[in-house]
Structure formats: C-alpha cells, structure tokens
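A.B. asks: As listed in Swiss-Prot for this protein:
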ACT_SITE  SER517  active site, proton acceptor
BINDING   ASP81, ASP123, LYS124, GLU491  Mg(2+) binding site
BINDING   CYS122, CYS195  [2Fe-2S] cluster binding site
MOD_RES   LYS124  N6-carboxylysine
Amino acid sequence: MPKLRSATSTQGRNMAGARALWRATGMKENDFGKPIIAVVNSFTQFVPGHVHLKDMGQLVAREIEKAGGVAKEFNTIAVDDGIAMGHGGMLYSLPSRDLIADSVEYMVNAHCADAMVCISNCDKITPGMLMAALRLNIPCVFVSGGPMEAGKTKLSDKIIKLDLVDAMIQGANPNVSDEDSAQIERSACPTCGSCSGMFTANSMNCLTEALGLSLPGNGSCLATHADRKQLFLDAGKQVVELCKRYYEQEDDSVLPRSIANKKAFENAMSLDIAMGGSTNTVLHLLAAAQEAEVDFTMADIDRLSRQVPCLSKVAPNTQKYHMEDVHRAGGIMAILGELDRANLLHNDTRTVLGMSLAEQIAKYDIVLTKDEAVHKFFRAGPAGIRTTEAFSQDCRWDTVDDDRENGCIRSKTFAYSQDGGLAMLSGNLAMDGCIVKTAGVDESILKFTGDAIVFESQEDAVAGILGGKVQAGHVVVIRYEGPKGGPGMQEMLYPTSYLKSMGLGKACALLTDGRFSGGTSGLSIGHCSPEAAAGGLIGLVKDGDKIEIDIPNRSIQLCVAEEELAQRRAEQDKLGWQPVNRQREVSFALKVYGHFATSADKGAVRDKTKI
C-alpha cells in the first residue's frame, strides 16, 4: 500500500516540530493520518478570469474536509495576457507558465502534500498547473473559474455580440467613431471569467476534460452561473475519493500520468482541432506531454490534423457563437461524442470520475442521454448583467442546441470543414514545423504567395501596419520573437488585429517565430521552428523575398536560391543571429528563461541538456 506522502512530516517523534507547526495551521489530533490535499488557487485582482476565485479555494477545502481529507490552500501567480499585450509585459507571459509549474512543485513537495485540486482559468495558469500535475503525479482534479459571458451592444439599431478582440480591432479602426469605439470597449468584457471566445484560456480548460483530469462542463459552464458551484464542490469530493483509491486500494490508474496517457493526449489534440482552438494549446500540450513522459510530438499533431474535421466554430473564428453557445450545445462532452461516433476518439481512456471516456460520453452527451438533470445543466445561459461575482445568476435557455446539422456543434457529416481547425505546415522556412489556425482562415487565402516585409520585433510590425508600410499582398514576417529571441515568445494579437483594422485581414499573411493569442484569426502562422535566434531560416528572410504558403498541402516555402541562402547564413553566423537595431530592455529573469528555452516545436520548455 502506498504510504501517504504527508506521513513524512506528520508521523513519528522526530516530526514533533513539524506537527507543532501543522497544529498552528489549525490541524487537530485526529487530522494526522488523513491525506493532506493542496488546494492550488490562482486568485488575483489583476485578471478578470481570476478575480472571482478568492473564495473558491475555501469552497473546495470545506468539501475536502467533509469527505475526510485535510485541505491546505496556497496561491500561484497569474498574468493577464490581454492586459500584458502590446508592450514589454507580454515577454513575461509564457515564462510565467514554467514558473507556475515550478512553484506548485515547490509547495507540494516541500510540504509533502498527498494530492491537489488545481483552480485555474486563464492562459498560462492552466498549462502551468497541468505541467506540475503531470510532473508530481499525485491524485489531482482540475476545476477552472469558467468563461466570461459574451458582450452585447446595440450599434446601428442592431444588437451584436462582442468580445475582447472586437474592442482591440475597432479601437484601431480609423472608420469607427470615438463614440462607437468607446461603446464597444465598455461592452466587450461584461463579467468575470476567461474571455468569452475559444481563446487560449477556454481552449485549455476544455482540453482538461478531454485529458480526463476535470469534470464534465469544466470548459464551458459560465463563471457567473450558479451551476458552476457544483463543479467546485464535486472537485473537492472527488479528489478525496482518488486519494482513497490510490493510497488505500493501491489503484495507480487514478494518477495523472495514468489518466493523461498517449491516447488521452491524442484525444485532447483531436478536440482542439475539431473545435478550432487556440494555437497556444499546441505549445502547452507538447510541454505537458514532456512532463508526463509521453511521446507526443509535432508529427502526431500533423497526423491528427489531417484526419479530424472542424466540428465547431466559435469566436474569434465567427461572431455567431461564444462559449455560452458551446455549453448550450452540450459542451465538450458533445464534441467528444461526435468525434467518437466518427471513430476519431480513443474512448477507452479513463477520467477522474473513475469512468472510461465512453461511459462519460454516454452519461453526459446530450444527444445520447435523456437525463433531465444533464439537459438542465447544459441549458445554463448568460444573464447579461455586469458583475465580478461567481455563481451570481441562474438563467437558462429554454432548450439545448442539439442541432448537429446547422447548430454550434456539428456532426462529421455536416462539419464546418472536413479539414480540421488547426494545421501544421513545414518546408524550408519551418523545418521543424509551424502552426496555423485554419478555422480562422478565409477560404480565399488558403493558398497565398506574397512578398516578404520583415520586422525584427512586434513593436516595429505594429508601427509598420498602422503607418501604412504594410500593403495588400505582403507576407508580414516578425522574427526574433521566439522563446529565445524575445525572449519569452510574445503573442502577436495586436499585429493580427491591426491588419483587420486596416482592411488587410484577407489580403496579407503573417509569419512569426512568436505565437498568437487565442483571439487571433486570419492567415496567421506562428511557432516557426527553428526560431531565428536558433538559426532558423526565418532569420534569413529579406524584404521582397517571395514566400509561398499552401495550407491544403501543409507547405511553407521561401523561394530563394540555395546559394543565396548559404551566403546569408554565413553573414548571420558572424552576426550571432541577433535582431538588428531592436530597442528592448531584457531583465535577468528573462535572460535566464531565454538561455534554457527550446523552440516551439518542443513546447518552449527548458533544454535539459543545458542543466
């Protein structure tokens, strides 16, 4: 029988000092010998996706204690990518993922915790905690803060749905009045929760369902809805059950690495492709797989992207649907159900509920079940009231959306496209691959050939776009923004948004060794690997070079003679593969991150060969 990890600090006379300190935290005599469960919270007033989490940790803790465990809460940091966007703050976003993973490991191992509940929500917090969970491999349940309600406003006598990206695009659109821009800004983000589209935060919270590490509805039930409270309560109960099964019954099938195995990672990636999720999820799944010691690579992603259709289109890929609509259509269990019926899912994987994925789909897929409680849960909808309070409303749709022909979620037969929502491209410009969200690319530019216009930083690219330097037909190349070159691999949401603001959204392509926000759409190709700072060919591109992009054939090519490229490479070798005339202060902390960072095809994790 596995011994409780916490026994190291709670048993024996030699641990009298540790027990004295445990008592000072509130533990009683009969608590020693119970599993000590870390409640890993991420509350902060900086982030709307986390502003409502202050009391969630204790909500979970009380359930843990009712079920027979001892709960101890601590907090991690949380960066708001939207607020950090467009300035030097974005350099810190991706590095914070690894810092979160390390901080969770430090706290859990230092205090010998037996299990944990991870309360996450936004872009780097869920993947950071996921990396920690798979690294530690102790019983764990994920529960997130939930999505924000979509914004709504009336413009030109028409009610329109909004999100953060609309505020950014229209704020830079010279054809939009100051009054309309201000109205959109005030209406775009009405409640607490992770931004309302299928951006990175919501994508990752959805993927935890496919990985089997969170409960059904975790990715889609609104932050404001009363139904979400039950997810927190159930997480507290379930983690104690997992502890009993592992520590008392010697059942290691409940551990994160047993649940999130190779098949589960393939399920998560298939879900991501089917729902047109954020390209950042590729980065995070690759990183998490390495923590789990799962052999999951860009080659697997390429293979899956050629098999899985696009079954759901949500903002930013359309303004018709947001996360509240995904929930009404049955949430992630519904998309997984459609993938299962198309024989595109490993349904024998396990979940934290102790079920196989097939059993969980049968119970929670609204197309399969007649259970009124399940249908009621997925009818949970928005209230349209500005608030920062969780569980503050109980509004419901009259019906669920089970239309698999024309609804938010579709069957394979009626898919938005038989080609999936994400694709990996390769060629001389990206020998180790690059990623594009095909769900956000207009059909007219799936094949695109244009002249390169090169920028050595995101800031210069923004100035070039807004200043009129970028013209229709250009391939905007933004380099030295990768994990090493940034350092920190900034998101390029402002450049892609400003291309739309300037009317160039369907007339230009953008290629970068940086990454994109989940809010990005258009012909935006990121994660170019190897990155410029690692000697990638993107570092050799010059203004006017012809670049050919062919998404259907998964190809990206720089049309320059090999002899010329060899000469350019020799010049860069002398220069040390550094950006030219870039004005950027880089802190010591970021330099450390950049020194150890691998390229995006490896998940931008630390290079262990350098340690």
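Here the Cβ of each residue, glycine as well, is placed from N, Cα and C on the backbone.
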A.B. asks: Fewest other C-beta atoms within 10 angstroms of its own C-beta: which of the binding-site residues ASP81, ASP123, GLU491 fits that?
C.D. replies: ASP81
A.B. asks: Roughly how many angstrom lie between the C-alpha atoms of CYS122 ([2Fe-2S] cluster binding site) and ASP81 (Mg(2+) binding site)?
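C.D. replies: For CYS122 ([2Fe-2S] cluster binding site) versus ASP81 (Mg(2+) binding site), the Cα atoms are 8 Å apart.
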A.B. asks: For LYS124 (Mg(2+) binding site), what residues in its own chain, 6 or more apart in sequence, show a Cβ-Cβ distance under 8 Å?
C.D. replies: ALA78, VAL79, ASP81, SER93, LEU94, SER96, ARG97, ILE100
A.B. asks: If one measures from the C-alpha of GLU491 (Mg(2+) binding site) to the C-alpha of CYS195 ([2Fe-2S] cluster binding site), what distance in angstrom results, rounded to a whole number?
C.D. replies: 16
A.B. asks: From the centroid of the CB atoms of ASP81, ASP123, LYS124, GLU491, the recorded Mg(2+) site, which same-chain residues not already listed sit within 8 A by their CB, in sequence order?
C.D. replies: VAL79, ALA84, MET90, SER93, LEU94, CYS122, THR200, ALA201, ASN280, SER517
A.B. asks: DSSP on ASP123 (Mg(2+) binding site), three-state: which is it?
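C.D. replies: In three-state terms, ASP123 (Mg(2+) binding site) counts as coil.
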A.B. asks: Rounded to the nearest Å, what's the C-alpha distance separating SER517 (active site, proton acceptor) and CYS195 ([2Fe-2S] cluster binding site)? Just drop the number here, would you?
C.D. replies: 11
A.B. asks: State the three-class DSSP label for GLU491 (Mg(2+) binding site), counting H, G and I as helix, E and B as strand, and everything else as coil.
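C.D. replies: Strand, per DSSP.
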A.B. asks: Rounded to a whole angstrom, what is the C-alpha distance between CYS195 ([2Fe-2S] cluster binding site) and ASP123 (Mg(2+) binding site)?
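C.D. replies: Cα-Cα distance, CYS195 ([2Fe-2S] cluster binding site) to ASP123 (Mg(2+) binding site): 10 Å.
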A.B. asks: Identify, among the binding-site residues CYS122, CYS195, the residue whose Cβ has the fewest other Cβ atoms within 10 Å in this structure.
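C.D. replies: The binding-site residues CYS122, CYS195 were compared, and CYS122 has the fewest Cβ atoms within 10 Å.
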A.B. asks: Note down the number of other Cβ atoms within 10 Å of the Cβ of the residue listed as 'active site, proton acceptor', including every protein chain shown.
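C.D. replies: The answer is 31.
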